[in-house]
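Features of the protein shown, as given by TrEMBL:
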- 1-159: domain 'NADH:quinone oxidoreductase/Mrp antiporter transmembrane' (DOMAIN)
- 20-42: transmembrane segment (TRANSMEM)
- 49-68: transmembrane segment (TRANSMEM)
- 74-98: transmembrane segment (TRANSMEM)
- 110-138: transmembrane segment (TRANSMEM)
- 158-180: transmembrane segment (TRANSMEM)
- 170-278: domain 'NADH dehydrogenase subunit 5 C-terminal' (DOMAIN)
- 201-221: transmembrane segment (TRANSMEM)
- 227-250: transmembrane segment (TRANSMEM)
Amino acid sequence: LVTAGVYLLIRFNMMLIDMFFLKFLLLLSGLTMFMAGISANYEFDLKKIIALSTLSQLGLMMSILSMGMSDLAFFHLLTHAMFKALLFMCAGVVIHMMMDIQDIRYMGGLSFYIPLTSLCLNISNLALCGLPFLAGFYSKDLILEMVSMSNLNLMIFFLYYLSTGLTMFYTIRLLFYLMINDYNLMVVYNLYDEDYIMLKSMFMLLFMSLSVGSFLSWMIFNYPYMIYLPFNLKMMVIYVVMMGLFLGYLISNMKIYSMNKFLMTYNLSNFLCLMWFM
């Protein structure tokens, strides 16, 4: 249901060639990526963070589609389906074990209680960030390198790379709130052992989100994309991912007395949290 519109545009991509509408769509989807990435950083609801990251990836698919590369959009749609399904299943297990609490401020130390679910959650999150040689890396890296090769202006370029950095940002934030923080529950909740019925399908999805990137890139493209870039542009994806990791570590490592930094920019934070009043 989420990717139905993207899939429809992929099917009709021959009709969309050389339309002026595509330039407008490129701008709009780039802003969608950016807006969703920023909103996910201010959000405290677990499902909303994952939904906003899905929105960001949809903006990525739409923007590469509006540049006329429908096979890349389809490739990213498939790899994103693998780890995002795994991410939603893990989030469902976590919320169910928390007795239907979705606020990530209540969670913490989950990796001690549900280690296998936490493993699936973290690996799918890192695949979402485009960590090298996981599933998301193959499609996301290819898309960003094709953007670097195309003759677009600086604003689109910065929107792409800032959104990629923001993905790493909210992932590290999620990691800190769920795994690394102390046990934050106000009362002792029902943290069972693992849900072994869910784990069967979760491990299948885990294997897929580890291997499906290279597998599909061999299966879909009958010829490799020719990418010729200088070294810094080639490594740009790794640079922004590392920068997002570092910044996310610095921001998420704040203690409770650092929260007034958000209160100093309360109106801006409110505006960004409400998805630009959309």
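Glycine too: its Cβ is placed from the backbone N, Cα and C atoms.
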- request: Determine how many residues of the domain 'NADH dehydrogenase subunit 5 C-terminal' (170-278) DSSP places in helix, in strand and in coil.
  value: 77 helix, 0 strand, 32 coil
Query: So which residues does the transmembrane segment (201-221) touch in its own chain, when a touch means Cβ under 8 Å and the partner is 6 or more beyond its ends?
result: 71, 74-75, 78-79, 82-83, 85-86, 89-90, 93, 116-117, 119-120, 123-124, 127, 133-139, 142
